[in-house]
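A.B. asks: One structure, pasted below without further comment.
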Amino acid sequence: MNNWRFKEIVVLSALSVVFAVVYLAFLPLGKLLVGFFGPIGYDLIFGIWFIVSIIAAYIIRKPGAAFLSETIAAMVEVLIGNAVGPMLIISGMIQGIGAEAVFAATRYRNYSTWVLMLAGVGSAVTSFIYGYFMGGFAALGTGYVIAMFTARVISGALIAGLLGKVISDGLAKTGVLSSYALGKEVRKGKVA
């Protein structure tokens with residue numbers, strides 16, 4: 001982080017805090033969906049819990065942005081009342097690693113829609129592996145586990161990746177990100 005500017009640290013921190021609140025706000029919807037669909041209910045919207053890693057990386061475009069934003073969001077979420085407690089921080093780190101790995105694979109040079117969606121998939125895969133071992137998924141039927149995995153991957157791609165891009169592009173169009181690469185791309189008309 002020694003090549004990070006102070007304003008990048010502030011933006012990453014602010015995004016992490018905002019999305020910690022968003023994450024908590026989505027828990028009741030997840031519980032409602034579980035009531036209707038069983039354990040797969042959370043997987044249908046799980047991408048929302050990866051979104052800050054995509055947004056932060058897309059805006060800041062530096063190594064560590066995805067991992068740090070997701071980790072900080074998890075820490076804040078624990079501090080403001082998530083019942084899971086400190087174990088949630090490990091989950092946030094694992095989700096951040098999944099997205100970070102995709103951005104690292106591009107050497108932090110490609111922030112296309114497809115890469116953002118793949119980063120959401122990366123978070124989905126790493127979080128699912130963690131959940132499989134820590135959340136007791138092995139006790140479920142194979143077909144159900146495959147359905148859960150598929151739902152989480154799609155949610156990661158669409159909610160975290162695609163919606164994360166839409167939110168970031170919307171922020172950039174307001175001008176608040178004018179000093180970031182994304183803001184400059186918007187000014188030059190390079191962002192759809």
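Including glycine, each Cβ sits where the backbone N, Cα and C put it.
A TrEMBL annotation is a machine prediction, not a hand-curated record.
What TrEMBL shows for this protein is this:
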type: TRANSMEM; residues: 9-28; note: transmembrane segment
type: TRANSMEM; residues: 40-60; note: transmembrane segment
type: TRANSMEM; residues: 72-94; note: transmembrane segment
type: TRANSMEM; residues: 114-133; note: transmembrane segment
type: TRANSMEM; residues: 145-167; note: transmembrane segment
A.B. asks: Is the number of Cβ-Cβ pairs under 8 Å between the transmembrane segment (145-167) and the transmembrane segment (72-94) three or more, considering only pairs separated by 6 or more positions?
C.D. replies: no
A.B. asks: Below 8 Å between Cβ atoms, which of the listed ranges 9-28, 40-60, 114-133 makes the most pairs with the transmembrane segment (72-94)?
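C.D. replies: The stretch I would name here is 9-28.
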